[in-house]
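Written out below as structure tokens is the structure these notes cover.
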């Protein structure tokens with residue numbers, strides 16, 4: 001598959017087909033090509049001998065997609081940066097990435113960034129003044145050059161830039177289109193922010209098949225009336241989200257085939273798909289196919305998939321996450337470094353062309369997590385699991401990294417920033433489960449000196465500081481105050497004891 005050519009052919013074959021819809025804003029495939037060509041031409045003229053990554057800032061605006069393609073046509077990887085990301089984190093991404101340019105689809109509220117900022121109005125001028133110019137196709141990202149870089153949570157308190165190459169993305173997109181039986185011209189739900197790699201599961205499968213991306217933003221999700229009004233208008237056929245989002249939608253009785261009569265495929269990734277959620281979806285959407293998938297950001301969205309049928313639901317209380325895509329393989333490694341036999345638990349290691357080339361500017365972290373096996377890139381996921389007859393079963397994290405509502409995060413990163421807050425002497429983050437998956441974060445805090453008469457005022461002050469350093473989804477929902485943190489005999493935090501205390 002030639003990814004960019006495959007997207008561009010729709011500008012010729014179906015130029016007036018809508019490529020992307022967000023609220024009242026939409027773009028056609030013709031506009032997508034013209035504007036991304038104009039932007040790529042401008043980037044190449046301004047930065048002729050430069051291939052540094054470009055930050056793309058915004059939320060669900062159509063210009064985000066234009067900017068992504070404009071960057072890669074000019075030979076630059078893009079770094080999606082959502083509006084919700086705190087200023088301090090945006091600053092660290094800018095510094096770590098070496099980006100020189102930020103393209104903005106929304107007002108940039110972050111100050112003192114070490115990059116040139118192209119505003120919304122500047123972008124419109126570029127689209128207009130460079131219209132009709134086409135970039136040199138030889139300049140476009142290709143092969144093992146980075147296509148995008150997504151920053152994920154890092155245990156040192158600094159985010160890690162996962163580098164995904166053109167070849168990685170082609171491998172994923174081709175597999176997704178074929179294995180999920182995606183058809184030409186379908187409407188895809190775009191629910192995940194672009195800084196979250198789940199969004200890649202809908203963006204590129206939609207664009208290469210001439211589909212329409214129907215974007216749901218965070219304000220809609222916070223207002224169910226607006227959300228379901230949008231869904232009713234959408235005629236979505238391919239649903240891509242975390243299981244949590246679908247579970248929330250199922251709380252609305254009208255969320256069914258009557259609301260979305262042409263629903264064909266549910267694609268789930270990012271967290272555990274509960275058996276009962278899949279069962280309800282089959283009841284509400286009897287004609288739709290439900291696919292459960294698995295994969296970390298470092299292996300390009302997902303590398304396994306399984307069609308969840310009623311037979312699968314009856315056979316497995318905890319659902320398997322699927323069979324590996326044909327160009328990759330899974331190894332289950334025991335602690336001694338040997339390969340575990342069928343049915344035995346160990347660390348999931350992914351081998352093949354889906355695997356990232358590593359973390360940008362972080363050779364030590366890259367060496368720790370990535371290796372070569374039989375001449376192919378391999379990623380040590382830190383996930384526990386086992387394989388039985390080719391089917392992968394996921395058993396949670398081996399370390400303190402978790403997925404909460406689809407967002408992957410390092411508990412140590414949150415603890416790092418929490419301990420840096422005023423009024424905090426010590427802190428541990430405890431993820432609280434509801435059934436099979438994590439429901440919320442609890443912060444166990446040893447407070448320092450403070451003058452607050454009520455605990456809720458202390459909590460408000462700590463949360464205010466955290467909001468300046470971490471995304472909202474990493475802020476603990478509840479706080480518990482103790483005089484000390486329990487320790488193990490070897491001097492480490494006794495997390496098991498702490499969990500038993502807080503859940504007793």
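The backbone N, Cα and C atoms fix where each Cβ goes, glycine too.
Feature annotations, reproduced from Swiss-Prot:
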BINDING   152, 153, 292, 293, 294, 295, 296, 297, 383, 394, 395, 396, 397, 492  ATP binding site
BINDING   197, 301, 492  D-alanine binding site
Binding-site residues compared (197, 292, 294, 383) - highest count of Cβ atoms within 10 Å: 294
Rounded Cα-Cα span from residue 152 (ATP binding site) to residue 301 (D-alanine binding site), Å: 13
Residue among the binding-site residues 152, 395 whose Cβ has the most other Cβ atoms within 10 Å: 152
Close in space, distant in sequence - residue 296 (ATP binding site), Cβ under 8 Å, 6 or more apart: 350, 379, 381, 383, 408
Rounded Cα-Cα span from residue 197 (D-alanine binding site) to residue 397 (ATP binding site), Å: 19
Residue 197 (D-alanine binding site) and residue 294 (ATP binding site), Cα-Cα, nearest whole angstrom: 12
Integer Cα-Cα distance in angstrom, residue 152 (ATP binding site) to residue 197 (D-alanine binding site): 9
Residue pair residue 197 (D-alanine binding site), residue 292 (ATP binding site) - Cα distance, angstrom, rounded: 16
Other C-beta atoms that fall within 10 angstroms of the C-beta of residue 301 (D-alanine binding site): 30
Secondary structure of residue 296 (ATP binding site) (DSSP, helix/strand/coil): coil
Assigned element (helix, strand, coil) containing residue 197 (D-alanine binding site), judged by DSSP: helix
Cβ neighbour count within 10 Å of residue 397 (ATP binding site): 18
